[in-house]
Amino acid sequence: MSDSKMSSQDESKLEKAISQDSSSENHSINEYHGFDAHTSENIQNLARTFTHDSFKDDSSAGLLKYLTHMSEVPGVNPYEHEEINNDQLNPDSENFNAKFWVKNLRKLFESDPEYYKPSKLGIGYRNLRAYGVANDSDYQPTVTNALWKLATEGFRHFQKDDDSRYFDILKSMDAIMRPGELTVVLGRPGAGCSTLLKTIAVNTYGFHIGKESQITYDGLSPHDIERHYRGDVIYSAETDVHFPHLSVGDTLEFAARLRTPQNRGEGIDRETYAKHMASVYMATYGLSHTRNTNVGNDFVRGVSGGERKRVSIAEASLSGANIQCWDNATRGLDSATALEFIRALKTSAVILDTTPLIAIYQCSQDAYDLFDKVVVLYEGYQIFFGKATKAKEYFEKMGWKCPQRQTTADFLTSLTNPAEREPLPGYEDKVPRTAQEFETYWKNSPEYAELTKEIDEYFVECERSNTRETYRESHVAKQSNNTRPASPYTVSFFMQVRYGVARNFLRMKGDPSIPIFSVFGQLVMGLILSSVFYNLSQTTGSFYYRGAAMFFAVLFNAFSSLLEIMSLFEARPIVEKHKKYALYRPSADALASIISELPVKLAMSMSFNFVFYFMVNFRRNPGRFFFYWLMCIWCTFVMSHLFRSIGAVSTSISGAMTPATVLLLAMVIYTGFVIPTPSMLGWSRWINYINPVGYVFESLMVNEFHGREFQCAQYVPSGPGYENISRSNQVCTAVGSVPGNEMVSGTNYLAGAYQYYNSHKWRNLGITIGFAVFFLAIYIALTEFNKGAMQKGEIVLFLKGSLKKHKRKTAASNKGDIEAGPVAGKLDYQDEAEAVNNEKFTEKGSTGSVDFPENREIFFWRDLTYQVKIKKEDRVILDHVDGWVKPGQITALMGASGAGKTTLLNCLSERVTTGIITDGERLVNGHALDSSFQRSIGYVQQQDVHLPTSTVREALQFSAYLRQSNKISKKEKDDYVDYVIDLLEMTDYADALVGVAGEGLNVEQRKRLTIGVELVAKPKLLLFLDEPTSGLDSQTAWSICKLMRKLADHGQAILCTIHQPSALIMAEFDRLLFLQKGGRTAYFGELGENCQTMINYFEKYGADPCPKEANPAEWMLQVVGAAPGSHAKQDYFEVWRNSSEYQAVREEINRMEAELSKLPRDNDPEALLKYAAPLWKQYLLVSWRTIVQDWRSPGYIYSKIFLVVSAALFNGFSFFKAKNNMQGLQNQMFSVFMFFIPFNTLVQQMLPYFVKQRDVYEVREAPSRTFSWFAFIAGQITSEIPYQVAVGTIAFFCWYYPLGLYNNATPTDSVNPRGVLMWMLVTAFYVYTATMGQLCMSFSELADNAANLATLLFTMCLNFCGVLAGPDVLPGFWIFMYRCNPFTYLVQAMLSTGLANTFVKCAEREYVSVKPPNGESCSTYLDPYIKFAGGYFETRNDGSCAFCQMSSTNTFLKSVNSLYSERWRNFGIFIAFIAINIILTVIFYWLARVPKGNREKKNKK
């Protein structure tokens, strides 16, 4: 075939394939079967024809034209399918034909190109270079060096000209991808595949593109793409991020609405178009049956993982992008499903002129044959780009050998791994070795010269063409009215907001529990809080409580939206993805979220405020109530917008919650109640001016008190002996009272106590609305311009000391060659192969060689049957499975998805937590499993679950110390760890931290560590591996299989599940156990050389012969009907049960049981223990590991320190050196009360780290019997105490001394003892915070639920601790809450320790003036009253008596039920509450999280 035309023979092939395909594609809307076998064969042959030569632009256009007209299509507007009456165009019909629909659409576009203005886009680049500001290795910051690292990085940031700061991610490379071409990007993890795709998609935040790089998109620059056509060039990450409670149909319709073009055809409204497009893609990708099913995620039930991946694909397709960059989109998919996806991309490229690029792992040959172009990357170097059919020939010509049955993609990728590539005989010294040498060879090749010529012509062509103007016209034609032509978005801002509001209402509909619970929760809290102040009297005795109730109402309304920060971070990844797809502006989503939450906010506000207002007995007047509610709802709006702004500017939840908590504290203190306006210190008065909550509180207090008269509740003097005194000689104690008057004006009270005035009432409403609008504008601006989280390259983290050693070692090994790879210098390839494949490994050390544990025991099972109850129906998952695993053998466990492979592993290893084993036996040398079985095996799980803050060596040592026999010395265990490190080839990163994705070990290194953790335990019986190659590239999968072979050759027995392995990988296994659906055995036996024994078995019982070039594993899946679209000719379970091979298996099991049971058993009592290490050792190691985790998490520790320091200092200096007058005593009491405010944030900071430890323990360490549950929970509790004591000590000094409480101990010379006791109380509070968080988390699955529960308990504790309302005011029903409240005793102890035994001196405005009767002095008149009521007086010049109600702080303490004599008792009670928390944590964890009993219940035979 030439570059410009197809031969007539090719045309006939194409026409025949398409016609056959069209006739076979009418499929059901409810189920997606993929292509049938006949169609698959046609497309594969067609793909080989198409990819034999790459089409240039003109030939591609000719092909498209041919495809358009080769079948009779009407070329009508498909969105009118009801009027057209053509089922092939109706996605809701069973006869819908996706290809027919696409061809019809293409013909429609061609019928009126001036109206539809179709567009296409290619890309070409030369000298493309990407670089980052980081290193490939770094050190993990700890508490001691984090600040130094931050400072040095900040210093380096300003060194603009320091080239040492930069490193190349992609070296200079060139390529061209034209419309209609499908390109695959191949390379090992870290080669730069993702960076290349992100660069093409102009998704470069986090790294930089070199100035010398030239990139053009058919004449458009990357700046043009990013600013104006962002949605036409997209990057699709491998993760599936969606709103879990939104249905599939709603998710896709939302994307379709936002990309609905203006030129969609006359008479077609937007809703019709969007629904039709969503239905088309749901039908195309087999999602129609999931239209009304929630998408879900790992925690929310929804569609399956494969369907969720298809939802992501459909959503990206609906964006209508011309260039699509798919990053590892097939990860986790089996080869058949991946092939279906690539076929869909091929169809899109050929028919619709799109330009897809995909980075793919484990690419089958059928999939590779569909690609037009291939890019091969090696450590950031491009070592080949060109036609996919020419790549293999290019490298073979270079001198490399492609092993038999190795796919082309695997061969190309293997060339970037020195341990796997193999030169042809005679080429050992001729082939390039390093990545740089490969690139040099490539750039000197004729293929590269031809490429550069083509690229040069392409750039010249782009300069001459009018693509820029044409593409702009196409883009503008799609845009709706009121949309800027330069905008990358298709619809206007108003429409984006409207669609966003509709989507948010659908989210609420999908999960109505959240708004319902919120409204109900507000109602319940309204009932609880109002009952504390129930039915306040209309006297001056209610003044304080009315103020307290109003204060609490304002705070509750203000801070009810604090948790909106959490929802922001939940939605942020989705919003960022949609921004890159150019669906909507983030600011439009921000505004939509606020509008959509208005009904819920109004309902929540009314449910709380209506109940609270009338139960407290506030002013019962409709106008007063609605003003109260109006101020409260605007207060909610203000704080909602403020908290959202904090969340928008923060990069993490913890980073947002800490400043939010400090801000909350400031607003609480400076509202005007805790510190009345006249009492605020001069330096801090401005805080009240900018505090929106203060304006709300003033207006509500004016609304409640202005114009009202209150009956005086207490007179001075009064009581015995004063019954007949005239009112003119008494005065009311309330502020604002007038001597001789029984009523006190509320207006006067506000003016005297708070300096609040009625003239401010409506003014404050305007100020509050102004704050709301201001913070709304700030929030919208921040969401629009905040770039989000920066992308990070892969970095290996070491401890600081280890990093220096690592760099010295690397420098020494690479001396003289900065580009040297893992095998540098003149290493002979024969020596290299021997080094890699050497399986007689010994560790040379001071103690000589370390031997691998010898295993002579055989594990076998018979008639294993397992069932679970699903919807009240017992379902059999495993059906009478037999088998064995012998030392030195690797047994593969295979089967279709859902066949029960992992379930069988869990049953064999006694790890099932649900369901029942109803029949069968599991035997070791003929004996039943004992209590030590689980620690006698190794189980390598599919998930690589490790603690991020541990190094590789520490993780291995931890496992060795706790799982090897306690008789073995520590030195021997350490030597064995070193042995395993070398065995697994982990020496280079043995001291690296596990880290997280991007900053830590890569996928392969994590998998090796997972295997190592099990090996260092010296499993004496066998090793289970569950999908060890899942998600890995083919080279890594191969290295893992070679590792298993090495272990088996050392005598290890291995049982490994594997999903559709390649022929090379399959050859590493000795035996196969294959399960059909329902857990029924289809085959168990030897594989033989090249799997010939297995092939002979199936051919013997009627299977079609296996082609020589076929992968035996894939052939077997087709035979038994386990591959997509395949159907078995017979039930191979019945074939197996009736076969002679099955009878031989049963006889061998019976023989082993009879003979092995006679062998002597190990009678060592220690060998039968459930855990190898004693409990005290488990506890110490677990506690130390947790302490180290926190130490290496400086972000956690410093955020905790920043929170307590800022909160304590702010608190202390707000009440700086509080005086001992009446207001000063109240201020000191509220300072103690405010000291507890950081509780919630401290709990929220701590819980994620608890969850990390718990996940590692429950997923891996508990089932393997590494240590007991009691050691885990005890270690978690005690390891947190040192940090809590440390931050408590810091908080004590930052709060106690600025507040000046030590001055109160001076008169009694008890500064030191009272200071020590206060320190003990403060640190006890912080310890209590940790234990309360752990208690809430002990039985909770999610940290969010535990945090919400802790918040509820904390709120209840604050309400009933006696500060806002004492026991004499509380309704009788709530007295028990006062008595059972730990904060009651803590507050009493802190107040009595801080305030007792000193004098009170009233401020001038706190005196009340009493005029004694004629002829009496102040002394004779007031002394009787002072004897029983307390206080003191001063005689004024005019003869009146200035009376102060208190003379001693003990009087104040008595009024709040705090006695100095009970301080130690109260401290002891509070410590008892801590102990109760600890005990309940242990009990609840055991009840809720520890598996109890066994899952075995044999049926009676």
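Including glycine, each Cβ sits where the backbone N, Cα and C put it.
Residues or ranges marked as region 'Disordered' by Swiss-Prot: 1-30.
As annotated by Swiss-Prot, topological domain 'Cytoplasmic' applies to 1-513 (among others). For the topological domain 'Cytoplasmic' (1-513), the predicted model reports an average pLDDT of 80.
Under the heading compositional bias 'Basic and acidic residues', Swiss-Prot lists 8-18.
According to Swiss-Prot, the feature domain 'ABC transporter 1' maps to 150-404.
Per Swiss-Prot, transmembrane segment is recorded for 514-534 (among others), and the stated evidence type is sequence analysis. Taking Cβ pairs closer than 8 Å, the transmembrane segment (514-534) reaches residues 508, 545-546, 548-549, 552-553, 556, 560, 600, 603-605, 607-612, 615-617, 1355-1356, 1359-1360, 1364-1365, 1369-1371, 1373-1374 in its own chain, all 6 or more past its ends.
If you look up Swiss-Prot, you'll see N535 (among others) marked as N-linked glycosylation site, on the strength of sequence analysis. Taking a C-beta cut-off of under 8 angstroms and a sequence separation of 6 or more, N535 (N-linked glycosylation site) has the following same-chain neighbours: M615, V616, N617.
Counting only same-chain residues 6+ beyond the ends of the transmembrane segment (549-569), those with a CB under 8 A from a CB of the stretch are 522, 525, 529-530, 532-533, 536, 601, 604-605, 608-609, 612-613, 616, 618, 632-633, 635-636, 638-640, 643-644, 646-648, 650, 652-653, 656-657, 660, 664, 667-668, 671, 673-674, 693, 696-697, 700-701, 704, 1344, 1348, 1359, 1364. The transmembrane segment annotation in Swiss-Prot covers 549-569 (among others).
The annotation transmembrane segment is assigned in Swiss-Prot to 598-618 (among others). Within its own chain, the transmembrane segment (598-618) is flanked in space by residues 508, 515, 518-520, 522-523, 525-527, 529-531, 533-536, 546, 549-550, 553, 556-557, 560-561, 624-625, 628-629, 632-633, 636-637, 640, 704, which lie at least six positions past its ends and keep a Cβ under 8 Å from the stretch.
For 623-643 (among others), the entry in Swiss-Prot reads transmembrane segment, with the evidence type sequence analysis.
The transmembrane segment annotation in Swiss-Prot covers 655-675 (among others). Same-chain residues lying 6+ beyond the ends of the transmembrane segment (655-675) with a Cβ under 8 Å from its Cβ atoms: 547-548, 550-551, 554-555, 558-559, 562, 565, 569, 642-643, 646-647, 684, 687-688, 691-694, 697-698, 701, 754, 756, 1199, 1202-1203, 1206-1207, 1210-1211, 1214-1215, 1227, 1230, 1233-1234, 1237-1238, 1240-1241, 1244-1245.
Residues or ranges marked as N-linked glycosylation site by Swiss-Prot: N724 (among others). Sequence-distant neighbours of N724 (N-linked glycosylation site): no residue of the same chain at least 6 apart has a C-beta under 8 Å from its C-beta.
The annotation transmembrane segment is assigned in Swiss-Prot to 765-785 (among others).
If you look up Swiss-Prot, you'll see 786-1195 (among others) marked as topological domain 'Cytoplasmic', on the strength of sequence analysis.
As annotated by Swiss-Prot, domain 'ABC transporter 2' applies to 859-1103, with the evidence given as sequence analysis.
The ATP binding site feature in Swiss-Prot is assigned to G895, A896, S897, G898, A899, G900, K901, T902. Under the three-state DSSP scheme, A899 (ATP binding site) falls in the coil class. Counting Cβ atoms from all protein chains shown, A899 (ATP binding site) has 24 others lying within 10 Å of its own Cβ.
What Swiss-Prot lists as transmembrane segment is 1196-1216 (among others).
Beyond the ends of the transmembrane segment (1196-1216), by six or more residues, the same chain brings 143, 146, 654-655, 658, 661-662, 665-666, 669-670, 675, 681, 684, 1190, 1227-1228, 1230-1231, 1234-1235, 1237-1238, 1241-1242, 1245-1246, 1249, 1283, 1287-1288, 1290-1292, 1294-1300, 1326 to within a C-beta distance below 8 angstroms of the stretch. Long-range contacts of the transmembrane segment (1467-1487) within the same chain, counting only residues at least 6 positions beyond its ends with a Cβ under 8 Å from a Cβ of the stretch, are 1269-1270, 1273-1274, 1277, 1317, 1320-1321, 1324, 1327-1328, 1331-1332, 1334-1335, 1338-1339, 1382, 1385-1386, 1389. Within the same chain, residues 553-554, 557-562, 564-565, 594, 601-602, 605-606, 609-610, 613-614, 660, 663, 692-693, 696, 699-700, 703-704, 761, 764-765, 768-769, 771-772, 775-776, 778-779 sit at least 6 positions outside the transmembrane segment (623-643) and bring their C-beta atoms closer than 8 Å to a C-beta of that stretch. The Cβ neighbour count for G900 (ATP binding site), using a 10 Å radius over every protein chain in view, is 24.
Its Cβ taken as reference, K901 (ATP binding site) is surrounded by 24 other Cβ atoms within 10 Å in the chains shown. With a cut-off of 8 Å on Cβ pairs spaced 6 or more residues apart, the transmembrane segment (1315-1335) and the transmembrane segment (1230-1250) reach 3 or more such pairs and are scored as touching. Other Cβ atoms within 10 Å of the Cβ of T902 (ATP binding site), summed over all protein chains shown, number 18. Residue density at A896 (ATP binding site): 22 other Cβ atoms are found within 10 A of its Cβ, drawing on all protein chains shown.
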